[in-house]
Amino acid sequence: FPFLSLLKGYSIRNDFPADIIAGLTVGIMHIPQGMAYGQLSTLPPVYGLYVSFFPVLVYFFFGSSKHVSVGTFAVVSLMVGSVVDKGLASKGLNSIDDELLRTQLGFAMAVTFAVGAIQLLMGMVRLGFVTVYLSDPLISGFTTGAACHVFTSQIKHIFGVAVNRYNGPFKLIYSYRDFFKNIPTTNFAALIGSAICILVLVLVKELINNNPRIKPKLKMPVPIELIVVIIGTLVSEFSRLNEVYDVNIVGDVPVG
């Protein structure tokens, strides 16, 4: 296990407190992010939490690089969701029941296993050198395109409108066609809540967590993501947003 070599020079007094703070910070951020990535892949939010926990745990024992980030990722979640949607469409399933959930999990597990096997094979034959030939414009284009897809998948939730999920070429065009067609049905409660959350997240990140004058004084970044989730949950519960204003909510998250 590679981590055993790091323990030789590990100082409980100097290193352990910083590691605890770092772990709590990342863990707190992964709670809302994990649930969001679960929904992005068309699976229940709890599966996003599973994926946020187990890959990191496995990488702790087998990973050799402290700079590699392992876990949920928006683009991968969106791509898995696309595969799941295609599989469901081929089987003609569209109702919400146990059979649908089992089928969704089956497709997600199959594509995850296949990708892992392919990556393992590529690692065994040392194909990592291929990344050296990927140009900056290529990476920038991929990142920008992925950001557009992620934004498109979430804008319907911000406005609270119904937009069908499409696959294949021109799916972004079809998605925005449905969005602008249904924009008169905007749920203003969802829109106002989304705008407030985005504004709070951006302000705290830019004015506090990334402020060069305030950041050095903080022992850990302000966990604004978790704070927003907690406050939003309380507001949703006591104001009955789902019942009174027809705002979609995550619902019960089962115990794993």
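Using the three backbone atoms N, Cα and C, a Cβ is placed for every residue, glycine included.
Residues annotated as domain 'SLC26A/SulP transporter' in TrEMBL: 17-256.
As annotated by TrEMBL, transmembrane segment applies to 20-38 (among others).
Residues or ranges marked as transmembrane segment by TrEMBL: 45-62 (among others).
The feature transmembrane segment is assigned by TrEMBL to 68-84 (among others).
The transmembrane segment feature in TrEMBL is assigned to 105-129 (among others).
According to TrEMBL, the feature transmembrane segment maps to 188-208 (among others). Distant neighbours of the transmembrane segment (188-208): 157-160, 214-215, 218, 222, 224-225, 228, 232, 235, 241, 245-248; these residues of the same chain sit at least 6 beyond its ends, with a Cβ under 8 Å from one of its Cβ atoms.
Listed as Cβ neighbours of the transmembrane segment (45-62) (distance under 8 Å, sequence separation of 6 or more from its ends, same chain) are residues 1-3, 30-31, 33-39, 68, 70-72, 77, 105, 108, 250, 253-254, 256. Here the transmembrane segment (20-38) has Cβ contacts under 8 Å with residues 44-49, 51-53, 71-74, 77, 219-221, 223, 225-226, 228-229, 250, 253 of the same chain, all six or more residues outside its ends.
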